[in-house]
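Engineer: Not my notes, these are from TrEMBL:
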REPEAT    1-42  repeat 'WD'
REPEAT    44-85  repeat 'WD'
REPEAT    87-128  repeat 'WD'
REPEAT    136-170  repeat 'WD'
REPEAT    172-213  repeat 'WD'
REPEAT    215-256  repeat 'WD'
REPEAT    258-291  repeat 'WD'
């Protein structure tokens, strides 16, 4: 069986959604086929410490990775070979990397309190480092490549002008702890941030004003946030082991948390078409989840599943291990503890784990008051 040997720290989709890239505390980067869950080629090796961040280039021909070994590396997606020499300049862990939308530049954020820009073609640093006040945990480009957003351990979010190499306006303040993840909406008008204060916040890019109240629901640090391509939803992953979907218009949580990971969720990402989420966890696994393409459909799906008996897609696992079907107060099937950790949940489309997984089929299961009618007489 193929999989990472240590925490999965970062994940991302290729532009066409056919592949996933993952980075791990096992120092490797791996490519996966989303349809089958099979590993594509050998692990990409070269980093000397944890791989903290990975991203596909816009056309998915390259991968960029950042590591606790203080380097950034470029990889050829087709061959798995490293492209050129490591990009060096940071004096501490590289916590976050991202490509510009045109693929010509890379941005990196580090524990050395700097943000750096790099030329993808040459590997050279572009201009002087952008100086932050504290550790930089997350960076992202706006779609038009004119701005960078960063999240830091000083509890702030900052905007930067990529051409001038200068901070834009005052820091965005509101979080009460480290900001571990930031992202732009596709149209660049909004920023989402996730923090160790357990909240997610939306910000207006033009004014820096917070939009609405914080999104609350997670019971622990929010490690990763991302917008859907159409900007209607946010996905978040947390130290509380759950993944949650949020409606950007209302700030409300969409449906129930996605549960299945047995350790912190370190990284989440949407596929470009918005129908899938990938998550990477401290339980060493990667999970793929099916979600609806928009808020209304997702809510409709939740409502439908509460009324329609569709056992292969609508069951839920309680905290004490009982499987519950819709409209059934009592659990109908109990899963022993040792089988819950790697249990394939109803919304999963794939689980990548070196330890395999446990999958249950209810295709011939009958339940409810009239279950005896299925018995041949």
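Each Cβ is built from the backbone N, Cα and C atoms, and glycine gets one as well.
Quick caveat, the model's predicted, so the values are computed rather than measured.
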Engineer: Give residue numbers and ranges for long-range contacts of the repeat 'WD' (1-42): same chain, 6 or more residues beyond its ends, CB-CB under 8 A.
Structural biologist: 48-56, 58-60, 63, 65, 67, 75, 77, 80, 263, 266-273, 276, 278-282, 284-286, 288, 350-356
Engineer: Which sequence-distant residues neighbour the repeat 'WD' (172-213)? Criterion: at least 6 residues beyond either end, Cβ under 8 Å.
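Structural biologist: Hits for the repeat 'WD' (172-213): 135, 137-144, 147, 149-153, 155-159, 219-227, 229-231, 234, 236, 238, 246, 248, 251.
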Engineer: Could you tell me the mean pLDDT the prediction assigns to the repeat 'WD' (1-42)?
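Structural biologist: Mean pLDDT, the repeat 'WD' (1-42): 95.
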